[in-house]
Amino acid sequence: MTQLINVNSRSYRLSSAPTIVICVDGCEQEYINQAIQAGQAPFLAELTDFGTVLTGDCVVPSFTNPNNLSIVTGAPPSVHGICGNFFFDQETQEEVLMNDAKYLRAPTILAEMAKAGQLVAVVTAKDKLRNLLGHQLKGICFSAEKADQVSLEEHGVENILARVGMPVPSVYSADLSEFVFAAGLSLLINERPDFMYLSTTDYVQHKHAPGTPEANAFYAMMDSYFKRYHEQGAIVAITADHGMNAKTDAIGRPNILFLQDLLDAQYGAQRTRVLLPITDPYVVHHGALGSYATVYLRDAVPQRDAIDFLAGIAGVEAVLTRSQACQRFELPEDRIGDLVVLGERLTVLGSAADKHDLSGLTVPLRSHGGVSEQKVPLIFNRKLVGLDSFDRLRNFDIIDLALNHLA
């Protein structure tokens with residue numbers, strides 16, 4: 001078996017112990033802190049003694065797909081190409097959903113590990129990520145969302161519902177993430193993969209603030225699984241795809257800037273196009289509202305004028321040109337607009353008011369997407385060495401850290 005693999009200009013030492021990398025969707029660090037303070041996460045609390053607790057930056061836009069793909073490629077979106085759920089194809093003049101693996105421009109560490117002879121397992125909460133994360137992977141790969149459709153031929157495992165002892169959970173539930181962890185434990189005990197990647201959903205974080213009973217119960221559940229993985233002898237590495245913040249005013253009303261309406265009023269209809277890369281089929285979570293938007297300008301709209309106009313709107317943190325955004329956030333130039341707009345911590349960006357269904361938001365809006373959700377945990381159940389070689393820790397360094405930097 002190959003002991004070293006090279007993927008996207010980085011080298012990875014193959015582990016001799018089962019290694020589990022966990023992406024906790026929407027894990028603002030305060031969730032962990034509050035759960036520990038409430039006595040709900042005793043295993044995580046102990047990691048300061050025998051593990052390593054660090055903080056890193058996620059990819060901006062701080063959304064699920066760009067960050068999960070960065071983690072499994074060890075590279076930013078400028079390399080792997082996935083910079084949101086949607087992009088505007090200038091050739092076809094259509095908004096394109098990027099859930100298909102054909103939009104992935106780089107190999108994954110997971111697929112390369114499997115090619116090197118390792119048993120690799122991937123369990124995601126939502127099925128939208130499975131095709132991307134499982135691209136060219138010969139191993140185990142399935143989602144909790146469609147666990148009842150798992151087959152040995154397509155997914156590398158079977159009878160997962162019976163093994164886990166849970167029914168298929170609702171997409172809009174904490175149970176969807178618990179299914180991921182329970183399935184991971186079953187795989188660890190029975191198949192004992194060399195490497196496992198577990199990715200949850202941020203349903204709880206979108207609905208419940210850090211320290212609330214619901215949030216603490218969710219983190220207590222995860223903590224119990226982390227402990228069981230540790231007791232099974234696994235190397236456990238935990239990070240997040242992004243943080244999470246309230247996007248409301250003082251009395252809980254959503255702070256939304258409908259950029260398409262504002263731009264239409266300023267320049268006229270059909271002169272600009274606002275695209276929200278957070279948009280996905282699961283809008284109940286966030287109403288397709290996040291703190292990042294990209295804007296396409298027609299020829300008649302001067303770029304400098306549009307920048308000044310958008311930057312002058314209260315709640316807008318920054319407006320960047322395409323080249324500025326690609327340089328600062330390492331994004332693919334052909335998949336973002338002429339401008340990138342970032343909302344402040346308490347503000348989300350929409351397109352037009354009539355394009356957003358907010359009826360599913362039964363609690364004050366919480367979302368992500370901006371720089372304000374960039375800080376994420378990097379937590380390990382082992383001591384690490386050689387960290388001086390990192391100028392800046394990123395969530396997509398986690399596989400490198402787990403495989404190459406154990407003491």
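Backbone N, Cα and C define each Cβ position, glycine as well.
What Swiss-Prot lists as Zn(2+) 1 binding site is D25, T64, D241, H242. Within 10 Å of the C-beta of D241 (Zn(2+) 1 binding site) there are 29 other C-beta atoms, taking all protein chains into account.
In the three-state DSSP reading, T64 (Zn(2+) 1 binding site) counts as helix. In the shown protein chains, 29 other C-beta atoms lie within 10 A of the C-beta of T64 (Zn(2+) 1 binding site). The annotation substrate binding site is assigned in Swiss-Prot to T64, D202, H242, H368.
All protein chains considered, the CB of H206 (Zn(2+) 2 binding site) has 22 other CB atoms within 10 Å. Summarising the annotation, Swiss-Prot assigns Zn(2+) 2 binding site to D202, H206, H368 and lists similarity to another entry as the type of evidence.
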Proximal residue to H206 (Zn(2+) 2 binding site) among binding-site residues D241, H242, H368 (C-alpha distance): H368
Non-site residues, in chain order, whose CB comes within 8 A of the mean position of the CB atoms of T64, D202, H242, H368 at substrate: D25, G26, S62, F63, N67, Q205, A240, D241, G243, M244, G369, E373
List of residues, in chain order, with Cβ under 8 A from that of H242 (Zn(2+) 1 binding site) and at least 6 apart: D25, G26, C58, S62, F63, T64, N67, H368, G369, E373, Q374, V376
Separation of alpha carbons, D241 (Zn(2+) 1 binding site) and D202 (substrate binding site) (Å): 10
